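Here is what TrEMBL says about this protein:
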- 115-296: domain 'Malic enzyme N-terminal' (DOMAIN)
- 138: active site, proton donor (ACT_SITE)
- 209: active site, proton acceptor (ACT_SITE)
- 281, 282, 305: divalent metal cation binding site (BINDING)
- 306-559: domain 'Malic enzyme NAD-binding' (DOMAIN)
């Protein structure tokens, strides 16, 4: 029996130097415990999915749902309490816990913690409780999370590519453990929602968007990659914040900025191939239009602020026709805000009207008017306008304010994309409503604090006549004894299904007609029952079915345009979309 206590060299474990061992006689194989702080050690990792390594792997961890057989097979016995809980019971327990938190940011942090330890349970919660949790993982709470991201940061959820990585971007992409990436959401943090420049802390947006690609669109979480391009920030508050996690320098612009973005786009295609979808998110106007123009013909890209917002708004406008009657061409549109969202929406409306009426896009643009910070965009201002505003400069006398523009244009649809709260005043709404029996008001700016008006204001000041939707959620409103449920014109209706349609068909480029197809599919999901309740969009509880319809319509258009590479084309695209969707239910382990 003595041999059981002997090392190969014949010495007893009792003879080992205590400095070279950890309590219990376990040898310090890697020298980590005996190393002084100034010595360099190697960070070893155990990759076998068993024991504590399995419990600490969010992709496979099931918590107390591991069966007795799984616990024996994977060396989990004793590492977990004896009880076995179903995923449904785990979900119930966690939802009860989340509902006890008062602050939305606490709920956000609890959900992010869950995602880091049990991925499938996180998505199960989102899928089954989408209406309750969407405002937590997405707007408006994600805006507060971005503002405080440096304080609440725990572990990386995506890739950070800063100016320090210039010349090494491909190497950085290869550091990401997942190799089969299908969707990337990238931001440079310069225009986060309506909150402005949040620099590196804008990472909360790509993380939130991609969680919805999975929960609402069914794209596998392992195929999603959030990325933040850090070129500095002009936000003095962040630069002086000791907990800020980004580069402490003013934002880099010009050629150096575009060189880094070009290296990034080149590396993405080199590392992930032709068919990885890149979604540009929350770039400032001057870069957003330029990047889309540069890469839309060479890469599979779209800008959600320009094109995604446009598609979801167009769907709401098409649905509103069931209340107002007529066609889009019968309406006159007035926008407050002429940035990415405003001009993007306007362009897609003009394109849809052009297809319906067989008129040129130049002609249909004449029904659409935009107001920026300097007033109504008119021909007399053409020389001073940014290039993306010039198509909207019409012949008209200057109007210095939105109220003046409402009085002069007498629009039938009023759309806010300004990013400035409380700009649809009582006088403006009352004046607008005086010209319309069924006025359409869309207050689209996010988060809630930046909305042009609240649902209550829109319904009250219009005497209950408004057809209203907003970018962030509002509670139902009762006016004159009638309860109105405001619709939420949220991009989350469009981009998850759009992304699924692109990925499942192997599409290689995004065409504007694919955005029209997405908007058309969403509008078709609005029933007469929804319209009677004042809803311009269907309830989120059926969002996965909606996303499947959108994916099928987008894929069909891609095949029609010759942009889809998955051949032969599936006979039933809706069924194919549903079959491609990720399911968050637990898997059984051998």
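Just so you know, glycine gets a Cβ as well, placed from its N, Cα and C.
Averaged over the domain 'Malic enzyme N-terminal' (115-296), the predicted model reaches a pLDDT of 96.
Here the Cα atom of residue 305 (divalent metal cation binding site) is found 15 Å from that of the residue listed as 'active site, proton donor'. A 10 Å cutoff on Cβ-Cβ distances gives residue 138 (active site, proton donor) a total of 26 other Cβ atoms nearby, all chains included. Around the residue listed as 'active site, proton acceptor', the C-beta neighbours below 8 angstroms that are at least 6 residues distant in the chain are 138, 185, 226, 279, 281, 304, 495. Cβ neighbours of residue 282 (divalent metal cation binding site) (same chain, under 8 Å, six or more residues apart in sequence): 187, 188, 189, 190, 191, 192, 193, 202, 205, 305. Apart from the site residues 281, 282, 305, the chain places the Cβ of 187, 191, 192, 205, 280, 283, 288, 303, 304, 340 no farther than 8 Å from the centroid of the site's Cβ atoms, the recorded divalent metal cation location. When the binding-site residues 281, 305 are compared by the number of other C-beta atoms lying within 10 angstroms of their own C-beta, 305 comes out lowest.
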